[in-house]
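Below is one structure, written out as structure tokens; comments come after it.
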Amino acid sequence: MTTRQPIYKSLYFQVIVAIVIGILLGHFYPETGVALKPLGDGFIKLIKMVIAPIIFCTVVSGIAGMQSMKSVGKTGGYALLYFEIVSTVALLIGLIVVNVVQPGAGMHIDVATLDASKVAAYVTAGKDQSIVGFILNVIPNTIVGAFANGDILQVLMFSVIFGFALHRLGAYGKPVLDFIDRFAHVMFNIINMIMKLAPIGALGAMAFTIGAYGVGSLVQLGQLMICFYITCLLFVLVVLGGICRAHGFSVIKLIRYIREELLIVLGTSSSESALPRMLIKMERLGAKKSVVGLVIPTGYSFNLDGTSIYLTMAAVFIAQATDTHMDITHQITLLLVLLLSSKGAAGVTGSGFIVLAATLSAVGHLPVAGLALILGIDRFMSEARALTNLVGNAVATIVVAKWVKELDTDKLQSELASGGTGISETREIDDLGVAEGPAPVVK
């Protein structure tokens, strides 16, 4: 029997309180808020420290433990198909909404008056991104380099190859697989220790955001922000909600189940901060480890629904604000470019904003200097992007697992019905098969 823990001990309550305190500190004591930035940065760095080994262990254990290698290719193929369809829908929705609402209309901004120097670094980084460059970048120069740099796609590629190789060894490779499983348990224990610091990280990150940019900076471009937030909400409830209903579960129950991860993302504005816990929770929802290990990390580059909505809305908003005419041909061109450029969003520093700069440079018709318009509020829009991305990847994992018949639907329904109440760190580790005491000797 699971005992419900007091609310003040729950992570989501602590993070909520931390976010509120951070907002108040940043608003009333902005200098103090800015000074707390290292708290948020430090927490995210702690999470990033263990992401690479956790992805490696999860993917290798999942692939090496599978009966047939054909199922790996099948899972990857279905995942990419899902990513392409849903992210395209997200791009289209952003394009439609920004054309209907027209948040930038009437601003009549003269491009010549904008300070292009503020966005020069983003434009330079954006120009460095190309399709061929992105594909080649997936291949690490060295194995150590992939882990040292924490590049998710590079680590994922090596992990898949390692998993295949380990599977081919059969019984001879079992000691290696056993070691990797035990190492994974150590990593997840480290994550549980780090997550105790989540409220502190959320407080520091939120205090810095409000202290550095101020609530007042939201007013000038508030219409775009409101439009974007509402669009993301509707996308989650209508599009993702419809996908969930078609596959026999509720997106509302799923959101409730991952509420702690969502609050961590809200506080830190980094969806990466929730990646390790998402691997645990998706597996506990009934998806096989092999599916979770492939879909979640890959989704961080190829299934960024919130970023897709942001990219089309921001690009057309700049055109509207600067009175740059965009006919249907220009908008179709923009959409086609974004279908490619958006897939590398998580692989570059600065994520969506740099991809937006790369897109404007590639399209050519839109003024790149217009990026200065949204530079000030981009930080405030990153929360909605990250939250939508996280929910989108959670839905994708369950759907793909069901498509490839690697989902325990009874477990899914029972876990969602529980709402994640009473989940403790001990239970998380127990679900991974770790017992108290010394590890048994492998003979």
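The backbone N, Cα and C atoms fix where each Cβ goes, and this holds for glycine too.
Here is what Swiss-Prot says about this protein:
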- 10-30: transmembrane segment (TRANSMEM)
- 46-66: transmembrane segment (TRANSMEM)
- 78-98: transmembrane segment (TRANSMEM)
- 143-163: transmembrane segment (TRANSMEM)
- 199-219: transmembrane segment (TRANSMEM)
- 224-244: transmembrane segment (TRANSMEM)
- 291-311: transmembrane segment (TRANSMEM)
- 332-352: transmembrane segment (TRANSMEM)
- 354-374: transmembrane segment (TRANSMEM)
So, do the transmembrane segment (224-244) and the transmembrane segment (10-30) meet, by the test of 3 or more Cβ pairs under 8 Å (sequence gap 6 or more)?
no
Look over the recorded stretches 10-30, 46-66, 78-98, 143-163, 291-311 and say which has the most C-beta pairs under 8 A to the transmembrane segment (354-374).
291-311
With pairs closer than 6 in sequence left out, are the transmembrane segment (291-311) and the transmembrane segment (143-163) joined by 3 or more CB pairs under 8 Å?
yes
